[in-house]
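Single-structure report; data block below.
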Amino acid sequence: MASIAVCPGSFDPVTYGHLDIIRRGAKVFDQVYVAVLNNSSKKPLFSVEERIELLREVTRPFPNVIVESFHGLLVDYARSKNASAILRGLRAVSDFEYEMQITSMNRVLDENIETFFMMTNSQYAFLSSSIVKEVAKYNGNISDLVPPVVEEALRKKFASLTSNERNES
């Protein structure tokens, strides 16, 4: 039986930290579904479709990685993919408490799906999509934080937002 994992997240945008976890997960599991959360309570910078497109581009070198979106409960999505594992990255101890709550709830919902935590490579321990967006918004250098295609998408997105703001005033 193939080992299948789901690596969930909002990926708004995907960073080198995310890619580190996906790449390492793809070495451990036969199949990894990168599941882009369609969270209606958040107002993302990129649409789900844009995030999927960027993720597909940057995960192209990994033949056993499939990028899709999902809504609803993660365990339901994992079950629909016959996944026995959820793969999560941890940057710091501060991530652990939140992740333990989610893991405990997922275990209540389906005790057959295990959660695996991978410590993010130390060079990405500080990295978050929020930080990347904040730096990019002010034209800071993000080339060490995100792949080139993501950097370009961020520059275009903020240029269009700035242009729209000027047109509205």
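Cβ coordinates are placed from backbone N, Cα and C, and glycine is handled just like the others.
Same-site candidate for substrate binding, as annotated by Swiss-Prot with SER10, LEU74, ARG88, chosen from LYS27, LYS42, LYS43, LYS81: LYS42. The binding-site residues considered are LEU74, LEU90, ALA125, LEU127; of these, ALA125 has the fewest other C-beta atoms within 10 angstroms of its C-beta.
The Cβ of SER10 (ATP binding site) lies under 8 Å from the Cβ of VAL36, LEU37, ASN39, LYS42, PRO44, ARG51, SER129, each of which sits 6+ residues away along the same chain.
It is LYS42, among the binding-site residues LYS42, ARG88, whose Cβ has the fewest other Cβ atoms within 10 Å in the structure shown. By the criterion of other Cβ atoms within 10 Å of the residue's own Cβ, the least surrounded of the binding-site residues HIS18, GLU99, SER129 is GLU99.
Here LEU74 (substrate binding site) is positioned 24 angstrom away from LEU127 (ATP binding site), judged by their C-alpha atoms. Using CA atoms as reference points, the binding-site residues HIS18, LEU90, GLU99, ALA125 were checked against LEU74 (substrate binding site), and the closest is GLU99.
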